[in-house]
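Some features that TrEMBL has for this protein:
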- Glu51: substrate binding site (BINDING)
- Arg135, Leu136, Gly137, Tyr138, Gly139, Gly140, Gly141, Tyr142, Tyr143: ATP binding site (BINDING)
Amino acid sequence: MRKKFIDIRGQLDESARRHKGEQLSTALTEYLLGLSISSGVIALYRAFRSEVDIWSCTSRLFDVGWRVVVPITDTPAKQLRFAEVTPQTMWRRGVLGISEPAVEADEIGRFPYIDAGEISAFCVPGVAFTETGLRLGYGGGYYDRLFAQPKVTGRRIGIALECQVTEKLPGETHDIRMNDLATEAGVRPCR
């Protein structure tokens, strides 16, 4: 099933994916700015392979004083850590090929991570989503483990293109559903 949706997403040409990403970013930015964000901390992500790119919404978020964090995959611990970024952040390719802030390996332990419990909203990429908020990820379980932590209470916003939204996905009892789904058609609550 993962391969099917990755293939569907991958069949979009770069121009169409970029256009849909701009539409999604605009809708997402307006939605986020309308939320009551207690901590002013939002988790975004850097697009990987054919994922929809929402990074353009950061400029407005920075302009209004929000703090932006991105996930860094800690593969030995099998968890996501979140690092604060700024417009001046330098980037590098991380362990799984995903862009992350450029930090030398010996600095990892000293890097100023943000506690996931401080994050008010998480923009979560996925391979596919349902209207009820189920998410099919890449199979590593990183977001499932993150959202299972009692201290992690931020709003969960699934990020996808309409071609990634489906009626049914296999669900597990440990799956944590998204609160909202953001696509190029807009942001809508999961039912």
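From the backbone N, Cα and C atoms, a Cβ is placed for every residue, glycine too.
Locations of recorded TrEMBL features on the structure.
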{"residue": "Glu51", "record": "substrate binding site", "contacts (Cβ under 8 Å, 6+ apart)": "Arg9, Tyr45, Pro125, Ile159"}
{"residue": "Arg135", "record": "ATP binding site", "contacts (Cβ under 8 Å, 6+ apart)": "Val124, Gly126, Ala128, Phe129, Tyr143, Gly158, Leu169, Asp175, Arg177, Met178"}
{"residue": "Gly137", "record": "ATP binding site", "contacts (Cβ under 8 Å, 6+ apart)": "Gly126, Val127, Tyr143, Asp144"}
{"residue": "Gly139", "record": "ATP binding site", "contacts (Cβ under 8 Å, 6+ apart)": "Arg2"}
{"residue": "Gly141", "record": "ATP binding site", "contacts (Cβ under 8 Å, 6+ apart)": "Lys78"}
In the same chain, outside Arg135, Leu136, Gly137, Tyr138, Gly139, Gly140, Gly141, Tyr142, Tyr143, whose C-beta lies within 8 angstroms of the Cβ mean position for the ATP site?
Gly126, Val127, Asp144
Using DSSP and three states only, what is Tyr143 (ATP binding site)?
helix
Across all chains shown, how many C-beta atoms besides its own are within 10 angstroms of the C-beta of Tyr143 (ATP binding site)?
22
